[in-house]
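Taken from TrEMBL, the feature domain 'ABC transmembrane type-1' applies to A:70-289. As annotated by TrEMBL, transmembrane segment applies to A:20-42, A:62-95, A:115-135, A:141-160, A:209-228, A:271-292.
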């Protein structure tokens, strides 16, 4: 029979071994991330210059650029943010503050959870069947913005709800005691206090939307666009116009995908350069969101 | 501010009129109306998710219906060839389905052991500070755009693997499977760690008191206690892998291929949808309808996984 010292030292050895295995797995995961970033940077960074940012796609790899792609991405993101943030926040507020406990609320909650798990390409099929052909909106910026907004809606809803749920009930009651009704409480207390959580969720959602490729391919984003959508700003009254909403478009991930799928290595370098821009945007947005959440936790 | 002014003004007026009426009734009425309108608008925003689900189901089913008028469901499920765009057209989903399951299977072979070890490490071993530092990094891993993972699988992992496996095709199922495993890892870790942390500390302390090591506590107490949640993590991870598109569309090729050999390329269901979308098939043609039939199949599979996963997740939440 083993002495208890032996058992204890055996146990300690098992634990130490497991810590090593755990850290090893962690190291592999991190090395993958590092390899991915380094590979993209080594291939793509030398290609990244001013011309690359301001040139249109071209048949010749050396003259091709991502002008139409990043302009398209920016415009589509404006539409997505304008739709997803208000709708998601409103839905989150409803579910936390207003919703009665009944079967209708249950159905809404089940749907939000379920939609978060639907593959993004299915949203693309929805947009193709409903928006592009059903409603005749065409393969335009507005459709891309709309479908990406639907895609990230669950993210915004969930983070809004988490933000609201962490607010103390006593503050709500204080607001009611001062004579505020539910709407005033929502607008003047709930929303301002939940702002960091809403911001985190919105940024995370948008960073997901920037990188999404599949649903926009399905609705027919073009990979070869040698012009920009009409400018949203004009010189005459009313100074802004919305013609760009109905313009065909290209996007950064689409452009990158197109370059990857070509056989020539020169285009792969272009793909890496576009990937650097894309990755930088999403990583920056994600880090910013994580930072806000971290600070939020510290305050609480 | 204006409402507050109205409240004070109303009260003052009310007192001026004799002290019986405190607030102007039209002010209260307006306030109530505003609250009602807000409630309706918020409700409509929330119910949008129900409409989206309904629209997805409606579109997938109506478009697939016209497809299944031409192709019988039996042929669709049993034919071993998928050649919808050839003159000798076959519409058997099996090659696409097998490739999808093969790549997801490889992804799970990576994500399940790695995810479980990491989750146990994070929930049972790691000091709080380290855990707080690791989680954001894992989150960044999950935030990398899938098209970038596709680039990585095709132009980094495949050439790397070819050094060890000379028989590996340029397009293969192994590299995207491995990359996808890393891709779903953060998700698997976060769901299963969540489940492990929900196991009450009293159970852990009981195990320690009986002389268990941390490892045995994890193995005999925490993992069995969190079993349904951990299974949920695997199933939800599987669902993500099945629905993932860009990695396979880029690195696994676009050629339907019924094979069990992971070193060959084969189109998955999602890769097929991408391939058709890149061409321009006329709206309403049978080729156009195939992507909805494939999409419906994909939707049903992921929905099934999601329902099982959410049910399991809810179960562990109820237990503790």
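Even glycines carry a Cβ here, placed using N, Cα and C.
Automatic, uncurated: that is what TrEMBL annotation is.
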With an 8 Å cut-off on Cβ pairs and a sequence gap of 6 or more, do the transmembrane segment (A:141-160) and the transmembrane segment (A:115-135) reach 3 or more such pairs? yes
Looking at the transmembrane segment (A:20-42) and the transmembrane segment (A:115-135), are there 3+ C-beta pairs under 8 A, with each pair at least 6 apart in sequence? no
Residues sitting near the transmembrane segment (A:62-95): Cβ under 8 Å, six or more positions beyond its termini, same chain? 51-56, 105, 108-109, 112, 141-142, 144-146, 148-150, 152-161, 163-164, 186, 190-191, 198, 201-202, 205-206, 209-210, 216, 221, 225-229, 232, 244-245, 249-252, 254-255, 259, 266-267, 270, 273-274, 277
